[in-house]
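Q: Annotations per TrEMBL:
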TRANSMEM  A:6-30  transmembrane segment
TRANSMEM  A:79-101  transmembrane segment
TRANSMEM  A:136-155  transmembrane segment
TRANSMEM  A:176-200  transmembrane segment
TRANSMEM  A:220-237  transmembrane segment
TRANSMEM  A:274-293  transmembrane segment
TRANSMEM  A:313-339  transmembrane segment
TRANSMEM  A:359-377  transmembrane segment
Amino acid sequence: MKEQLIQYLAVPMLQIAAIIGVMLLCVMYLVLWERKLIAFMQVRMGPMRVGYHGLLQPIADVVKLLLKEDVVPKAADRWVHLISPIILMIPALACFAVIPFTGTSFEVGAFTIPLVNYDVPALTVTSWVADLNIGLLYFLAISSLGVYGLVLAGWSSNSKYSMLGSLRSAAQMISYEVPLGLSIVAILMLSGTASLVGIVEAQQEAGHWWLFWAPLGVPLLWPQFIGLFLYFVAAVAETNRAPFDLPEAETELVAGFHTEYSGMKFAFMFLAEYLNMILAALIVSVLFLGGWLPVTFGIPGLSELFGNFLPFLGGAGAAITGFFWLALKVFLVLTVYLWLRATFPRYRYDQLMSLGWKWLIPMGLAHVMVTALFMLLRG
Amino acid sequence: MPIPAGSHEPDPDTGEHEMAAYFPVLLFLLVGLSFPIITLFIAWLVRPNRPNDVKSSVYECGIEPETPAWTRVSVRFYIIAVLFVIFDVETIFLFPWAVKYGVLGLFGFIEMSIFLLILVVGYIYAWRKGALQWA
């Protein structure tokens with residue numbers, strides 16, 4: 001009984017607390033990094049006042065949002081207005097349950113909690129909360145629930161801008177769900193499993209990232225580049241980010257679905273958007289870029305060299321090195337995300353729809369069949 | 001024998017613990033639900049609340065809204081929703097096939113080619129009928 005309590009309650013709760021804490025911190029500094037990077041690209045300075053080069057700006061922002069008055073329009077549906085940010089937050093957080101952050105488990109020896117004299121047996125703590133054999137399906141299923149939050153937020157505000165924004169976002173998110181699903185079918189074929197841990201282990205076994213899968217041995221003929229491109233474009237559209245930020249196009253819709261939101265409720269919609277960005281970057285890193293495997297993985301000699309920075313810590317050193325490589329990949333993918341915003345102008349709505357339905361879906365279907373054919377040719 | 005937390009591999013003999021692997025996921029959903037509720041409650045305690053008529057009117061560039069926003073919407077959105085259901089079910093149908101593709105080999109390839117061919121015929125039909133055309 002005691003063992004089960006520790007295995008299924010105490011350890012997962014600590015993991016969840018750690019993941020949520022770290023991810024909230026990541027979102028805070030991702031916002032600052034976005035403002036700094038875009039300022040740099042536009043030859044500005046960005047936040048400079050709060051702390052050294054604006055380093056304390058995110059904390060000031062959180063305090064400000066917490067103390068803001070919550071303005072709800074009289075004509076709005078109060079209850080739906082209140083629950084829609086919560087509906088947005090649940091999937092954005094729950095998706096992290098299946099993400100493997102590093103491959104090596106932490107070994108924790110038996111110890112006694114002081115004061116209460118509670119004996120804790122030896123533990124093996126993994127970096128993921130749950131390794132489901134349907135991990136990728138779980139991610140797709142849960143992350144697509146976020147669209148309910150957007151639709152209800154726009155509808156409950158009883159404002160024309162919110163309503164238009166939420167209609168647009170609903171149509172956009174369900175349209176890009178299809179290419180998103182198609183782009184990862186090839187990864188499932190290559191890995192032979194839908195578990196995210198299994199996908200990284202399959203890449204480890206294959207000796208290269210899935211991105212550099214060369215079926216015919218021809219240099220630079222890497223079909224998964226199409227998969228990465230499809231996934232990335234669809235993920236940018238799914239998270240309503242520029243150049244597909246039609247649902248909150250400020251030049252036409254004020255702020256889209258969150259026009260009538262303020263204070264902490266607005267903060268949660270903002271938080272959910274950035275959590276979804278981090279999730280998309282994590283999934284790109286795990287599926288295509290080898291997850292926790294080192295950046296030099298696949299290059300003879302170098303992959304062992306960068307596999308463990310802290311060999312004197314043993315398994316924990318390898319785990320920390322894995323964290324580092326995954327964090328580096330996620331950081332680079334997110335930087336490209338922000339770079340897109342600084343570079344591309346916003347799409348028109350009919351262009352967005354025809355890109356999704358007339359280009360990405362045929363490309364996705366062709367990508368699946370081409371990968372299947374290559375796998376067959378290789379035997 | 002250390003307790004393997006997180007790696008919820010089912011017992012090879014009894015198949016035990018299979019559903020138990022989902023318990024931490026349920027915990028995560030519950031924490032995901034309670035985190036925003038608790039934070040909103042804290043914000044409710046500390047924030048000011050001074051509503052007035054102008055502040056709590058719906059934003060419409062400073063003009064009084066004449067009609068509520070809850071009106072009928074363009075039929076385009078419904079067409080997109082129907083198309084989504086067709087294509088998303090098809091994508092989900094590809095998933096189990098893809099996981100087992102390495103085992104199925106040529107048989108799987110031919111079978112999925114036929115399935116996708118039928119789908120592509122439907123796709124071309126929808127395109128020709130203008131269902132994919134916005135505006």
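Placement of Cβ uses the backbone N, Cα and C atoms for every residue, glycine included.
Please situate the listed features within the shown structure.
A: Listed by sequence, the residues of this chain that lie at least six past the ends of the transmembrane segment (A:6-30) yet keep a Cβ under 8 A from its Cβ atoms are 58-59, 61-62, 93, 96-97, 120-121, 123, 125, 129-130, 271, 274-275, 277-278, 334.
For the transmembrane segment (A:79-101), the residues of the chain that approach it from at least six positions outside its boundaries are 16, 19-20, 23, 72, 126-132, 135, 138-139, 142-146, 148-150, 152-153, 155-157, 196-197, 200, 260-261, 265-266, 268-269, 271-272, 275-276, 279, 282-283, 286, 291-292, 322-323, 326, judged by C-beta separation under 8 angstroms.
Only residues 6 or more beyond the boundaries of the transmembrane segment (A:136-155), in the same chain, are considered here, and those with a CB under 8 A from a CB of the stretch are 77, 80-81, 83-92, 94-95, 97-98, 162-167, 169-170, 173-174, 177, 180-181, 184, 187-188, 194-196, 199, 238, 247, 256-258, 261, 269, 272, 276, 279, 283, 287.
Residues 172-173, 175-177, 179-180, 182-184, 186-187, 190, 210-214, 243-244, 280, 283-284, 287-288, 333, 336-337, 340, 352, 355-356, 360, 363-364, 367, 370-371, 374 of the same chain lie 6+ residues outside the transmembrane segment (A:220-237) yet bring a C-beta within less than 8 angstroms of a C-beta in it.
Outside the transmembrane segment (A:274-293) by six or more residues, the chain places 23, 26-27, 30-31, 92-93, 95-96, 99-103, 136, 139, 143, 146, 184, 187, 196, 199-200, 203-204, 208-211, 224, 227-228, 231-232, 235-236, 238-239, 241, 303, 322-323, 325-326, 329-330, 333-334, 337 with a CB less than 8 A from a CB of the stretch.
For the transmembrane segment (A:359-377), the list of distant contacts is 176, 178-179, 181-183, 185-186, 189-190, 215-216, 223-224, 226-227, 230, 233-234: same-chain residues at least six beyond its ends, Cβ to Cβ under 8 Å.
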Q: What same-chain residues lie close to the transmembrane segment (A:176-200): Cβ under 8 Å, and 6 or more beyond its ends?
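A: Residues 98-100, 103, 128, 131-137, 139-140, 144, 206, 210, 213, 223-224, 227-228, 230-231, 233-235, 237-238, 244, 286-288, 290-293, 356, 360-361, 363-365, 367-368, 371-372, 375 contact the transmembrane segment (A:176-200) from elsewhere in the chain.
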